[in-house]
């Protein structure tokens, strides 16, 4: 895991799952299990927009924070289906996920648009979680470093790295059950830190994170948290992840 000077962020991305009623039930089951979680980490949940208010109410009095799965770069306007940073702030949101591989793929989101979303987030006082990662084809062609460096450099233009989280999510590992080897995940996270040039940058790993591999991942020197998809949909599973314990020192090499 990172040195204690780097904030640790454990985030669950629900994607298009959970109604308001389900979010409320989730919180009731989840909160007792993380009530005594170590204070060296931030626990974050990213529900669908429709469940943000309900979940915020259900989490009242706890340290669990809310993230948005998207944010537009304009304050207001004729942008059907979008939501502004100001609107999210009013709901008590603290983080925004930008650049996830799914909107990159399904909506052809560009690095420039992702950068605009990240900049709008920071300007409003939200912390963007910038997702970067390579496809299986790019990985097989030894393009991992080139692709991710481009995403980092273009996505972070004009961004303050002290108010930022970067999530390395190899696309080939998202929702596939395939997990990037912890040593390789750590290597890429270290490269990202060097490219950004900010030693205290919080860098997450994402891609088939589950209770069975969280301890090993968090023992790595350049991994400062995780962005969890499917395993965050079950409160018991995500609570185990949020309550991770450090693996043996040997695994941290």
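Cβ coordinates come from backbone N, Cα and C, glycine included.
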**Report entry** Further substrate ligand in Swiss-Prot, beside 13, 14, 15, 175, 229, 230, within candidate set 5, 162, 208, 221
**Finding:** 208
Report task. Measuring Cα to Cα, tell me the gap between residue 230 (substrate binding site) and residue 100 (active site, electrophile) in whole angstrom. Result -> 15
Requested in this report: Provide the three-state secondary structure of residue 229 (substrate binding site) computed with DSSP.
Outcome: coil
Query raised in the report: Including all protein chains displayed, how many Cβ atoms other than that of residue 13 (substrate binding site) lie within 10 Å of its Cβ?
Result: 26
